[in-house]
Amino acid sequence: MTNIRKSHPLIKIINNSFIDLPAPSNISAWWNFGSLLGICLILQILTGLFLAMHYTPDTTTAFSSVTHICRDVNYGWIIRYMHANGASMFFICLFLHVGRGLYYGSYMFPETWNIGIILLFTVMATAFMGYVLPWGQMSFWGATVITNLLSAIPYIGTNLVEWIWGGFSVDKATLTRFFAFHFILPFIILALAVIHLLFLHETGSNNPFGIPSNSDKIPFHPYYTIKDILGVLLLMLMLMILVLFSPDLLGDPDNYTPANPLNTPPHIKPEWYFLFAYTILRSIPNKLGGVLALIFSILILAIIPSLHTSKQRSMMFRPLSQCLFWLLVADLFTLTWIGGQPVEYPYIAIGQLASILYFTILLILMPATSIIENNLLKW
């Protein structure tokens, strides 16, 4: 009799994905972030479900319902802060996962990469709508500013914004629909993640060398299951340190003030994980130009495979490209820092330079450097 693990219609899918999956023998800890993202997603769905049981999506009671969760619900405070800081951990894992893909040339799997980009956009949309729900000052004004960007679209812009708002300003209708979308999107993300994995398992994982590893495969379990469990333990340790010792470290104090349409906060800024894109948006004095740059700052990932000019897939043996990659990382840190600063000299100039550098590295310097490295190989 065959093992039920290999014969049962449902269990064999799990078996072929997480147990008997042939995996390259040399994938490093940078390959842990896929499983960590899965854990983050499950954690967010579970904590979000329990929060939704006590939250009310109404402008008059939303803020006090969040306070009620923290004060009166059993362990409500830990659920709320795990959800809020879980989003930060989610984005840390996302950025590292995308960075790994760029460094080791994982974008050469086009289907997996493109679904990954769709996932990134969906997660960003979900996080943005979730930030609006507590209905604090930064929730309200963040929603107003970001949705208002759509008015830059010629001809239909204003109508589009009012359609999204469900009125002439961010109000009860906006909050209700944002709650509905914030609830449904994680399940769409879950479905997309399954498709992401499906395409990945068609080709098999990439590895640090960027060369085929068919001749040297090992079973996923126990080798990588134990490695993933270690990653999960470290992730949970970091999350719980954040939640239990400084839960508001990454939040904005303005969000502890109930939303007031008559009083604008001095500095409107999104959560830290959107700051790099926010800086690129602010760096262009023209509204439509800023919006296009904002979208393109993420969408640029979609054309990365077309810009791959190197004869080698991975950057492991390409020191010049490595220098550019780490310059890009430093540039993203700079953009993130500038996004949290007021719009004044010298921050405007630094932000503009960092924005130009971001696009220059990805569109011009990296492909050009790869060609130089190809020629150096001939020596």
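Each residue, glycine too, has its Cβ placed from N, Cα and C.
As written in Swiss-Prot, here are the features:
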- 33-53: transmembrane segment (TRANSMEM)
- 77-98: transmembrane segment (TRANSMEM)
- HIS83, HIS182: heme b b562 binding site (BINDING)
- HIS97, HIS196: heme b b566 binding site (BINDING)
- 113-133: transmembrane segment (TRANSMEM)
- 178-198: transmembrane segment (TRANSMEM)
- HIS201: ubiquinone binding site (BINDING)
- 226-246: transmembrane segment (TRANSMEM)
- 288-308: transmembrane segment (TRANSMEM)
- 320-340: transmembrane segment (TRANSMEM)
- 347-367: transmembrane segment (TRANSMEM)
Dominant neighbour of the transmembrane segment (320-340) in 77-98, 113-133, 226-246, 288-308, 347-367, by Cβ pairs under 8 Å: 347-367
Considering the transmembrane segment (178-198), which listed stretch of 77-98, 113-133, 226-246, 288-308, 347-367 counts the most C-beta pairs under 8 Å: 113-133
Pairwise Cα distance for HIS182 (heme b b562 binding site)/HIS196 (heme b b566 binding site) [Å, integer]: 21
Binding-site residues compared (HIS83, HIS97, HIS196, HIS201) - the one with the fewest other Cβ atoms within 10 Å: HIS201
Distal contacts, the transmembrane segment (347-367) - CB-CB under 8 A, six or more residues away: 279-280, 282-284, 293, 296-297, 300, 304, 307-309, 321, 324-325, 327-328, 331-332, 334-335, 338-339, 341
Number of other Cβ atoms within 10 Å of the Cβ of HIS182 (heme b b562 binding site) across all protein chains: 21
Inter-residue C-alpha distance, the residue listed as 'ubiquinone binding site' and HIS97 (heme b b566 binding site) (nearest angstrom): 17
Between HIS83 (heme b b562 binding site) and HIS97 (heme b b566 binding site): CA-CA distance (Å): 20
Cβ-Cβ under 8 Å with the transmembrane segment (113-133): same-chain residues at least 6 beyond its ends: 55, 57, 62, 66, 87, 90-91, 94, 97-98, 101, 106-107, 139-140, 142-143, 146, 174-175, 178-179, 181-182, 185-186, 188-189, 192-193, 195-196, 199, 270-271, 273-274, 298-299, 301-302, 304-305
